[in-house]
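Engineer: These came from TrEMBL, pasted as-is:
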type   : residues : note
DOMAIN : 21-76    : domain 'RING-type'
DOMAIN : 114-156  : domain 'B box-type'
Amino acid sequence: YQSSIFQDNNPMENLEKQLICPICLEMFSKPVVILPCQHNLCRKCANDIFQAANPYWQTSRGTTISGGRFRCPSCRHEVILDRHGVYGLQRNLLVENIIDIYKQEYSSRPLKKGNHPMCKEHEDEKINIYCLTCEVPTCSMCKVFGAHKDCEVAPLQS
């Protein structure tokens, strides 16, 4: 029995699809954290969704108060954080090592140009998905928490 993740003939493409963060839709960036539900996120993305789910979780000095909760973007399982916040989540060293090996294997490939359109609403976010409902390109944060959270989206074709 073969799972649907192996239906393509290119094993490296299959591997790459497994290394894509459900928030930024790019290959996980280190550190990669594993949630209690066993899904993975870039720590930066975990922090972004935590901040968006807990907008008043900042002190006057801008440091994040400990604790809090957010939902896994893949399965909606509630993630309850301890006093360390997203820094208390376990790193997934296996996924980080697989990414290193993958990048080493593909380091000879030509890199894409760094001229990537950015979201006007979330300045740090790349435009990486297309809202099928509104027929406009947008970013992952707009899909998870913004104007497109109830819309149908697809990955942006490069």
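Heads up, residue numbers simply count up from 1 along the chain you see.
Cβ atoms here come from the backbone N, Cα and C positions, even for glycine.
Distances, neighbours, how buried they are, the whole picture for these features please.
Structural biologist: Within its own chain, the domain 'B box-type' (114-156) is flanked in space by residues 23-26, 48-49, 52-53, 73, which lie at least six positions past its ends and keep a Cβ under 8 Å from the stretch.
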Engineer: How do the residues of the domain 'RING-type' (21-76) split into helix, strand and coil according to DSSP?
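Structural biologist: Its residues divide into 11 helix, 12 strand, 33 coil.
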